[in-house]
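**Student:** Here you go, one structure.
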Number of protein chains: 2
Amino acid sequence: MVQEVIGEVLVRIRPNEEERAFIEGLMREIENIARGRAEELGLDIKPYFVGSLAKDTYLAGDHDVDLFMAFPLDTPLEELRGKGLELGKAIAERLDSYEVAYAEHPYVRARYKGVKVDIVPCYDVDSWKDVRTAVDRSILHTKWVLENLHGRNDDVRLLKRFLKGINAYGSEIYVRGFSGYLAEILIIKYGSFLDVLEKADFMLRQKIIDPAGWLKSEPEIAMKTIKREAEGDKPLIVIDPVDPRRNVAANLGWEKFGRFYFKAHQFLEEPLVEFFFPTESTGENYLGELRRKRTHLVTLLFKKPQLVDDLILPQLERSARGFEKALRRENFRVLGWDYGYVGEEAFIMLELDRIVREKITIKPGPEFFTERGWDFYRKNERVWLIGKRLYAEKRVKESIVDVIVELLEKNQVALGKQVREFIHSADILVDYVPGELKREAYLFLSRKKWNLKG
Amino acid sequence: MVQEVIGEVLVRIRPNEEERAFIEGLMREIENIARGRAEELGLDIKPYFVGSLAKDTYLAGDHDVDLFMAFPLDTPLEELRGKGLELGKAIAERLDSYEVAYAEHPYVRARYKGVKVDIVPCYDVDSWKDVRTAVDRSILHTKWVLENLHGRNDDVRLLKRFLKGINAYGSEIYVRGFSGYLAEILIIKYGSFLDVLEKADFMLRQKIIDPAGWLKSEPEIAMKTIKREAEGDKPLIVIDPVDPRRNVAANLGWEKFGRFYFKAHQFLEEPLVEFFFPTESTGENYLGELRRKRTHLVTLLFKKPQLVDDLILPQLERSARGFEKALRRENFRVLGWDYGYVGEEAFIMLELDRIVREKITIKPGPEFFTERGWDFYRKNERVWLIGKRLYAEKRVKESIVDVIVELLEKNQVALGKQVREFIHSADILVDYVPGELKREAYLFLSRKKWNLKG
């Protein structure tokens, strides 16, 4: 039964011979271009392929090329940045199109035959002791996986697709899920896809995973890593096989680990293809949810800023939290929030207990016998004491739209810096969303988006 | 201008010759009965009149007789209680009617010619060092006031009437205002009614009033009193002229002192008879207040327990606070509450932000990887994680009446012990009160009851 499901999934995620041949050809072609261009520029670099293509752990149809141009260790950092970018552009000119992207240092993001090709300069390190920039470790990761995977590539594919299916894949800061490298390590450590699922509880309790035995060979550094990560209350501490200073699971949050924990359990109880390829819910309707819960949906709809996800998503989250806090101060209770974008439209959704509040609020004032007490007493019409503190009525805006507009005008909502101006000119929709957001609204209000029993 | 107002008030509060003669006659008559009955019972007691009649500081028409039967200091306490009650009854039999009331020890509460007569046994003390029961000091208080008032009796009357008018009179625990004795001390200390009003801010800042100079004659005991009361954060510390261990203002709360503070200021700015005799607001309507504020009024109406105010009022207050807390947990916000009784009907009024809530609430659960986490996960239909904690939706009652009924059924409201059963069978009225409570509802919702600006 499990094997049937796994077989059915493997057919869909294992690249076939045609795809393999295409990818192999593409890589050889790009490598040749890279070598040729480097020679022309008189650069002493080695090209490496890293990432899931290089490790043969990519999912069918999901093949981005990561070409790393490794400079000798004695290259000054400035030179690496300059020459690296120059070389990247020179290679990309032979491909279909490209743009310059920015991480720790600039790199070239090209496209070739429909495939994304990142061309990244780095140092040619042999050991973690040489690591100088954040990307240098990638070459070591690739080597380690190739040396240790011993043919369990399909198990990695299954685990990655499972994590994607249950929405726990991706180590980006706005995802906080499992990285591909972490999935590979878990397969290497526990043996197979099913073994990893069965170990969900065990690994949480064991907490520390040390596949390369750093605790023996570099106890001091490894213990320091463990201490730091334990203080950060991480669900897992996986000491990087290529660098004892690093927790591979540093970006894994409790929520995504928890999803894995429960979904692994569910899958072992009742294995279904849907864990890997969830069916999109349709036909359900967010207005029904609002009626069922007797809550309200307020949506801020605005133009999506032209920023990468790494920037925009954390700022939208920060802004949603800002609304929750600001509205709570105004006596609206936010039962939940969500954010995201669809096409060119970004949104923040807030589920509220009500959309009209009382017309007055009770404002606490200072102690009565102070100068400020007398001011408060003079300024307000209805003033009374509770203990030694003065209180007064204050007339306030009633409707949620007026309240939000006023909060924004007075800058009383903590918003992400680069999304602020967009939010300030947002449309505010109450208990209604346009067609393209209906599904998002339903998944949010029904909590299907996060429901562990989804 | 001030003098005109004071003159007008004095005409209404100073007892006229007829009233004085009636009271004098009444007191002599009762004293004779008391002496005669004591002699018949072979008791060696001295009758004393105490309180405002004895001190000639009573308000016209407001004349309760306090007759204290002072036993020799060597009388055992049990004998004083027994013989005291016996004597009280013997005296009262010659009056119109009586009942036995209970304080620290039992005493007789009689009526005679339309006047209330309390007959209280006590010890015949000369000094605070002899004081054995709470009432023994009264004789000393009366003596001290008579010796020190020097004809300023009308000033005491004015101050008492003023305090009554602004709702700050009475040292009962459920009032926390000024006692008559405290009013007398303030007149003796500061000179006149207007002087006391002008000193409102001064006395608060000086804090300690020591009219009998205990800080010199008994510094240790007086300092101990001051320390204790200062720790209790009392607005005033008035060392009792007859007992350095006692703060005469011990029961004065900040709210009532604050009322005095602002009203004294207002009166000096614009003296009006209304401060002494406030006009009852009429014609105003609580439903208008509800519309103005867009809030809701929930009234619990129940049979008044047959208890004295000292017992019932604090318990009603405790119960009102109990509802505030319990309803806040249920996501109803209580903007204010009030309690009291009219005739045989007691009530608790709650001003709420709404009377219908959402149909679901979000229930926080345990950490997901625990036994209880699994239980929670299994029991609930929609479960999700925030951090490592599980959350779920819970279906709840929507209407305020259902919520209150359920809270009472589950004993989740902290209620006063002797009012609990009455509240449990209360009628729950929403945005409506019967005719006899309309005025109470208006005074509460408009905050007129506490408004410092009248």
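Glycine too: its Cβ is placed from the backbone N, Cα and C atoms.
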**Student:** In TrEMBL, the residues A:Asp64, A:Asp66 are said to bind Mg(2+). Which of A:Asp118, A:Asp124, A:Asp126 is said to bind at that same site?
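**Tutor:** TrEMBL names A:Asp118 for this Mg(2+) site.
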**Student:** On a C-alpha basis, identify the one among A:Asp64, A:Asp66, A:Asp118 that is nearest to A:Tyr169 (ATP binding site); the candidates are the binding-site residues.
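**Tutor:** That would be A:Asp64, nearest by Cα distance.
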**Student:** By the DSSP assignment reduced to helix, strand and coil, which category contains A:Asp118 (Mg(2+) binding site)?
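**Tutor:** DSSP call for A:Asp118 (Mg(2+) binding site): strand.
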**Student:** Counting across all protein chains shown, how many other Cβ atoms sit within 10 Å of the Cβ of A:Lys160 (ATP binding site)?
**Tutor:** 26
**Student:** In angstrom units, rounded to an integer, how far apart are the Cα atoms of A:His141 (ATP binding site) and A:Asp118 (Mg(2+) binding site)?
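**Tutor:** On Cα coordinates alone, these residues lie 17 Å apart.
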**Student:** Using the centroid of the Cβ atoms of A:Asp64, A:Asp66, A:Asp118 as reference, list every other same-chain residue with Cβ within 8 Å of it (recorded Mg(2+) site), in sequence order.
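**Tutor:** Counting only non-site residues, the set is A:Gly51, A:Leu53, A:Val65, A:Leu67, A:Lys116, A:Val117, A:Val120.
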**Student:** Tell me, if you would, which residue among A:Asp64, A:Asp66, A:Asp118 (binding-site residues) has the fewest other CB atoms within 10 Å in the structure shown?
**Tutor:** A:Asp64
**Student:** From the Cα of A:Asp64 (Mg(2+) binding site) across to the Cα of A:Lys160 (ATP binding site), what is the distance in angstrom?
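**Tutor:** A:Lys160 (ATP binding site) to A:Asp64 (Mg(2+) binding site), Cα-Cα distance: 15 Å.
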**Student:** Measure between the Cα atoms of every pair in A:Ser52, A:Lys55, A:His141, A:Lys160, A:Tyr169, the residues the record assigns to ATP, and report the largest value in Å, rounded to a whole number.
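**Tutor:** Greatest Cα separation within the listed binding residues comes to 18 Å.
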**Student:** Using a Cβ-Cβ cut-off under 8 angstroms and a sequence gap of six or more, which residues of the chain neighbour A:Ser52 (ATP binding site)?
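**Tutor:** When sequence neighbours closer than 6 are ignored, A:Ser52 (ATP binding site) has A:Tyr58, A:Leu59, A:Asp62, A:His63, A:Gly180 within Cβ distance under 8 Å.
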